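Okay, structure first, notes after.
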């Protein structure tokens, strides 16, 4: 059934976005804000100046990476809920290394720093991947647990392990040197001093590479086949454990790179966090909205970046708290999650206006069949399943 | 510090930190026994914490010392509403349980802080004046030594939690409702054939998880955090989830695991006052429950043996 309607993914995504924005509008109305003014200020804040456009583009880079990371894991049948922790590992590790060797030449320092960030994210993804492949432990639980382990270890590093010389306060580090920065003066100047950096180009190139690997290479095929049916994949000679672990390594590595881009490009330092960075959860949301398509991923990342950056300006213009954006994003994912309903609506709409829809055909055929052949039995069947529940068990 | 004083401090702090975990973990048990995976426990706790703090701040004058207890009822109600969203999405609208639960976790802190900003014009609330504090259990605190260690200056909600755990165990294993709830979590098809209302039973499990999780969040807010902000509930719900798994989806087991995690959390807080423990860096104590969960989940349990149909949507065939 899903296979037949997969081509509707784009429509489902658009409807989910519309419904999510509607939820946001209702919440604004109920809390005494004007939704039109609210969304107007959101667009104004996102597109009003070259600087804000730069920030929107900058915001896209980590989302593209964590989103792609989620998709690779998903292709192998993993629900990687630990992208946030993996990103934090990449962020903290790369910045710590950059702070420790500030005087190395840029040609050596920058690549090394990036590789260290990717490696830390990859390790953070590999362990849950390997644990599931080896012991069958649920990656949903283990990656959630790893989020907290990485959060507390990262915070403790800043508070207790960092040398005095690289600390700005007890809770934050000094800024990294220019040698490790992803900022480029031409990008900063082009966007009137936004934090847009070459992380965007890294992200775009990497997403293209990931798309190529997943769709055009043997490894991609192996990962996808393990995700679809691991027994069949094993029968076809693919090592399912190894492939699944590799998928989680790639997934974590991409999340780690997202952390690097944030650390070396956006924030330029590390500081104690209340929770693991939201970029992992947002990337997961982007990927879910994209519905398994890499083009959808880019569209989702663009949309969420506009919402995120626009949301920052909302309190200034209209007093609507920034948190509204997170509510909208979560609502959009909720509607993607209950896409069965959205699909049903689409199907019903189609049925009224045009030819019968493939989604509805089996349902109506089945129902009509029952209704004609033993219509009476259907009603008694329905009541039968409820009535005798009262006293049939000893 | 005398040995007795050390034990008294350790146990009273453990009880304070365990109470929210016990309630929430038992809530998760009901949901998953009915076949609905609930990773949204964290979000349910957030809503319980949020609503109880707002209630507490608004009505502390009217209700005085009864306020925190009434706050639990408010938390239970709001928790149930939150869980109902998860229940409707997963049971009736065929949503993926993990996605729906994750949405609950994402939306609740944002919604809570949004409403706090709308109501109070700032990012977090004031401290509540009426909180649970420490009380003596009457009569039992007169028992020599034991009374002093367990029932003097202790947390009242924690002892309620212990009682609730026993009741929950009885409900799940000794009543017809419990048998039916478990049957829809193991084999909904068969339960349906026997004439059980699969959807209704599953919903009841999810609602119980909302009630208990909401109470858990409210207890945490009114006995530990004492206000509400973005980071009030940071990981409590996930530790409760872990406690539920350790407890093998059994209320008494969940309570045991929650007590253990409560102990490790309290060590991270009072460790500096205790011999031996004070030499352990606090980060080890902070990550201990999470690391232990990963190890036990993998090495000792192997494939997690939860209810068979946990996380599988049941679609009634026409």
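Quick reminder: no glycine exception, Cβ is built from N, Cα and C everywhere.
TrEMBL does not curate its annotations; it predicts them automatically.
Here TrEMBL gives transmembrane segment for one range in the set B:10-33, B:34-57: that range is B:34-57. Below 8 A, the CB atoms of the transmembrane segment (B:194-220) and the transmembrane segment (B:34-57) form 3+ pairs separated by six or more positions in the chain. Here the transmembrane segment (B:226-246) touches the transmembrane segment (B:98-120). Their Cβ atoms form 3 or more pairs under 8 Å, with each pair 6 or more residues apart.
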